[in-house]
Amino acid sequence: MKMLLVRKFRVLILMVFLVACTMHIMIDLLPRLERRGPESRPGCSCPPPAAAAPPRAAAPRWPSKHTLRILQDFSAEPASNLSSQSREAAERAAERAAGGGAGGGGAAAAAGRARRLIGPGAPRPPPPAGNTAPLAALFQHPLYRTALPPLADGDLLFNVNSDIRFNPRAAEQPEWQNEDHHEEFLPTGETSIDSYPNWLKFHIGINRYELYSRHNPAIEALLQDLVSQKITSVAMKSGGTQLKLIMTFQNYGQALFKPMKQTREQETPPDFFYFSDYERHNAEIAAFHLDRQVLSLPGRILDFRRVPPVAGRLVNMTREIRDVTRDKKLWRTFFISPANNICFYGECSYYCSTEHALCGKPDQIEGSLAAFLPDLSLAKRKTWRNPWRRSYHKRKKAEWEVDPDYCEEVKQTPPYDSGTRILDIMDMTVFDFLMGNMDRHHYETFEKFGNETFIIHLDNGRGFGKYSHDELSILVPLNQCCRIRKSTYLRLQLLAKEEYKLSLLMKESLLKDKIAPVLYQPHLEAMDRRLRIVLKAVSDCIEKDGYDNVVENDFNTDVNTVTTER
């Protein structure tokens, strides 16, 4: 009797196994059957070929071992399929404009919709009225015409004649090291700098005072590379809370890709904690332009840039991600939605699941590409904990949130007890408040330059989340310390004037990006409002402690006089 039960149990297990295999085979074959034309479906009630819509391009072939699952359609989710929806709106607006419509009302409506388009084909607003654009006028101001002091050998991150071999893949992907000797670059004085790839020109231009100079032509060329260079390899960035991809280009440069998760007009939900907010690709782009074109906050009498170059790009998920990746974990997360859109979700701590998949329509996705800094094997960076770091806890508060005299303790702690580091923190505070970025838990510096150098502003993706709310807690360092550079204070006063209005300058600067408009108009207006709040905070400090105790003079007398008069 016992042996009979065992045999029956084995037969039952075998039957369950056979049923499961049959279901898997049917699921694998279903997408192929759906892709067959109407002629191959004898029982199909589809319209005859003459009445059918024009045929679409054939769907790209998937690798034979990749199983196509028909899962939930995420193409209508706020965090996916956004760029393609906008392209459809652009096509509809163009068709209405070409047809002439039934009068001016239709054309006006189409133009209104076109103003919100996303993508390289979006119409650009006309340049500002007047003979000189606001940015051009701003850069003629003495505050934006300071020069670097002469650079000694110790002020350069790399010496051109050194025996350093630049392998752009070595640091982030150790398995790629020595894969191809042609990927190593040895810059020497014998070779013209014009022959270097633009990413290498960017790297060897870094010095103690700046990541790049304002008029460095290699930066514009590098931005163009980010949006036009052929992508040859893609891998997931390890250790991230949200999905980020490392993209390698044909010229061996690398960039960090952050895909689009929200539309321009969407705000961070009010019930979201700052540490679970989305990382927005357009925030990375806007932060680069704010740092580069508008603030450019100086250290001492210097005018340097702190955010690495970032540009927006429309990426083909099939050709430029799935077909070139060697990351099997990433490759396995691709699927086709019921709407026949290509989707993937990768692996990360937050928002990497089928419920938060990133979908194209059919396979275009918008994102930001941030140029890599030199790899850590060549230029070590030191990571510093931000003294005003948040608790990253649902209930606990950080010490600075409960101790109004917290800054006095910070100013007695190295490296904030000497040099300009505490002023760098104040600059970073202003930068983050203008963006609404609450996620500044750490910052980095180049180890070679010690404490006498600038701090690098990385990971700005959680900025520009709310335009209807100003997070005053971001300004706590400024309110507690009541210290600010005079150059910073004068720039902020300048940007509050109508002729140099911050929102107009940012809008003009962002028009240069391929996915303009980058920011929703209320975000630009929020920056003007926050700027006034910063100036009010500094004014209150001056009234309480006196001008000389609050404003650190880091400019020479001539510049101060000219700036104040203007």
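Residue 1 is the first one shown; counting continues down the chain.
Glycine residues also receive a Cβ, built from the backbone N, Cα and C atoms like all the rest.
According to TrEMBL, the feature region 'Disordered' maps to residues 36-62, out of the candidate ranges 36-62, 117-143, 306-332. The binding-site residues considered are Glu279, Ala371, Leu373; of these, Leu373 has the fewest other C-beta atoms within 10 angstroms of its C-beta. For Asp459 (ATP binding site), other Cβ atoms within 10 Å of its Cβ number 22. Every protein chain considered, the tally of other Cβ atoms within 10 Å of the Cβ of Gln242 (ATP binding site) stands at 21.
Averaged across the domain 'FAM20 C-terminal' (334-551), the predicted model reaches a pLDDT of 94.
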